[in-house]
Amino acid sequence: MTRRDIDDRDSEAWAALRSLTAARIGLKRAGASLATAPLLDFRLAHARARDAVQAPFEQARLHRRLAEAGPSVLSVASAAADRRAYLMRPDLGRRLSADAEAILAPRAAAWDLVLVVTDGLSAQAVERHAAPVLAGLLPTLTAEGWRVAPLVVVRHGRVAVGDAVATALGADSVVVLIGERPGLSSPDSMGAYLTWRPQPATTDADRNCLSNIRADGVLPAAAAVTLMHLLRAMRARRLSGVRLKDESDAVRDDRAGEAKIR
Amino acid sequence: MYTVTLGTRRYTFPDLKTLLAKATSARSGDVLAGIAAETGEERVAAQMALADLPLATFLGEAVVPYEGDEVTRLILDTHDHAAFAAVSHLTVGGFRDWLLSDGATTPVLAALAPGLTPEMVAAVSKLCRLQDLMVIAAKCTVVTRFRSTIGLPGRLSVRLQPNHPTDDPRGIAASILDGLLLGAGDAVIGINPATDSPERTRTLLCMLEEIRQKLDIPTQHCVLAHVTTTLDLIRGGTPVDLVFQSIAGTQAANRSFGIDLALLDEARDAALSQQRGTVGDNVMYFETGQGSALSANAHHGVDQQTLEARAYAVARRFAPLLVNTVVGFIGPEYLYDGKQITRAGLEDHCCGKLLGVPMGVDVCYTNHAEADQDDMDALLALLVSAGVTFVMGVPGADDIMLGYQSTSFHDALAMRDLLGRRPAPEFEAWLARQGLLDAAARIRPGTLPNHFRALLPA
């Protein structure tokens, strides 16, 4: 075998390996270090992920777009005044701003469910994927007789802000669609969190999560199907969280933000 | 009550935990908890009061009450008074001077370790600059063994971390192959599973065992599932080298992880009964990180760095093979930027080593923290200089499952070259047998070795 044959055989092997994972394997080296091309690839991905975290949430535009699809939409903010406060003070992102109550209270009723959309750590994620997931969910919910509250769009929200929204509207349950922590290869990943009867003592163990909703992950249409399945199970059993998950193999409870330290 | 007067201003600190919190270098998690110093002067005032505090104070005043916390009971009930005698007359400030002195040699520090409590080492670390944290840690040697020997002087080991978002065994094997070729994996080949499904964990463990046997690699493997999952798998006959668990520094935080000390005891006994180690029987692998207790609302008003050191006292109880602090993973609300992550990484490493724990660091950051690769390069080089036991090796530094950036196979390789560190001896000999070393004994894979093709997809 010539040197060239060996190189060809190796590059075929690496191509086969790369087809198995999105991980950055077989990167070109210069000595012990990374060669220039993969170095710049990495920098580009990091820049995009950073830009995704900092990108302004086009709340009014998303509001209009969601309202065009039919449902009544309310826009509010969390108690975090800006992006920095949002990042540094998780407690503020879990509460509603002072004027949110006035917007939500008049619409309080005996709702079965409220759907909440919030920017979280990636506004791009909900700007891209919230509408298609809702388009998959809403007709089924209506057909199955769910009393669905007006859709609520929250600026600078964390997952638990959905609890505050559900309480203000008097809804039995809440689904929060939220931009997830942007990964290097997934700046626009959205998560969906379901909670039955949220209350002050609710913890993450009481929620069900479907994460990684994006073009290269769980597609929005598939996410809507899984969410509908979970919502039916949640309503039938009148609970959410770990005990619901145990019976639903279809749902992956990633909680990627905590997976490593838990 | 602790007081210090600076000019006309008198600072008072009502108890030990307040004094420790106020003396801690600035970090967002302590601000979030509402316990950080309010001004720069208050912080230094607290450090001055802390410097004058006798070390023995920590044996009389617990920062988390003894009655309600089994970690406090572990710390105080297992304290070795005879070992402590060497420094029992010192203040915290005097202890810093003693640690930096030429008399505090490697064997002296090893003998002292059982006499130190986590609060003592946290306190002294708060007085230290980064340089002190490095100089002191570099004098500590902690050696552990399973199939390879970890922590010998002049060595730097790497955990090969081949995660995959759907736990696809072939995708994971591809990353393992890449890592082995680049000399990673002598600490452990350890997968964070995307789910905690016992069946998936079993599949991954069986795959790891097959790879290890096929290539005859002198290392250990681990799937970082919850301890209860691993315990059940051991009982069911699955090959388990190391038992993994995340741990924290208070009983309540550990409860939020679904564990207590008795459960860890049970898991360690189960792992020991397998007798799978060849050169030693350190069978536990723990991960920690500043902020985990606050995040679980289980911090008792104690600063996050002191609680982190308490987690090492938990680790120490179980004679682990590996402990690492996942320093930048938790996010900017606990460690805001590269500067805070750097300081925390060096504090954690130094405190762990002083307590006699085989300390590694996951040098890492998330995309919502104010940090980038330059910050990681700096922290990694500082840690390797300080003798860190092991670091992570992630393909291209990009963990596609956990969504954060750690250190890459290449990073570890560059540090081994730059600072003259070698892999664990058994693993280094294996790398040589595979033809992966060049004439200068550097790790420089050429073509793919033939028998590695056994890992390729059919």
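Using the three backbone atoms N, Cα and C, a Cβ is placed for every residue, glycine included.
Sequence annotations record features per position, and here TrEMBL assigns substrate binding site to B:R159, B:L160, B:Q161, B:N192, B:E287, B:D362. The feature adenosylcob(III)alamin binding site is assigned by TrEMBL to B:P193, B:Q245, B:S295, B:M401.
Among the binding-site residues B:R159, B:L160, B:Q161, B:Q245, B:M401, the ones with a Cβ under 8 Å from a Cβ of chain A are B:M401.
Between the listed binding-site residues, namely B:Q161, B:N192, B:Q245, B:S295, the fewest other CB atoms within 10 angstroms of a CB are found at B:N192. Within 10 Å of B:Q245 (adenosylcob(III)alamin binding site), as judged by C-alpha distances, the binding-site residues found are B:E287; the full candidate list was B:R159, B:L160, B:Q161, B:N192, B:E287, B:D362.
B:Q161 (substrate binding site) falls within neither a helix nor a strand when secondary structure is assigned with DSSP, and so counts as coil. The two recorded residues, B:M401 (adenosylcob(III)alamin binding site) and B:D362 (substrate binding site), have Cα atoms 15 Å apart.
Geometry remark: B:P193 (adenosylcob(III)alamin binding site) versus B:Q161 (substrate binding site), CA distance 11 Å.
B:D362 (substrate binding site) carries a strand DSSP state (E or B). Using a 10 Å radius centred on the Cβ of B:M401 (adenosylcob(III)alamin binding site) and all shown protein chains, the other Cβ atoms total 27. Secondary structure at B:M401 (adenosylcob(III)alamin binding site), as computed by DSSP, is coil. Of all Cβ atoms in the protein chains displayed, 25 besides its own lie within 10 Å of the Cβ of B:E287 (substrate binding site).
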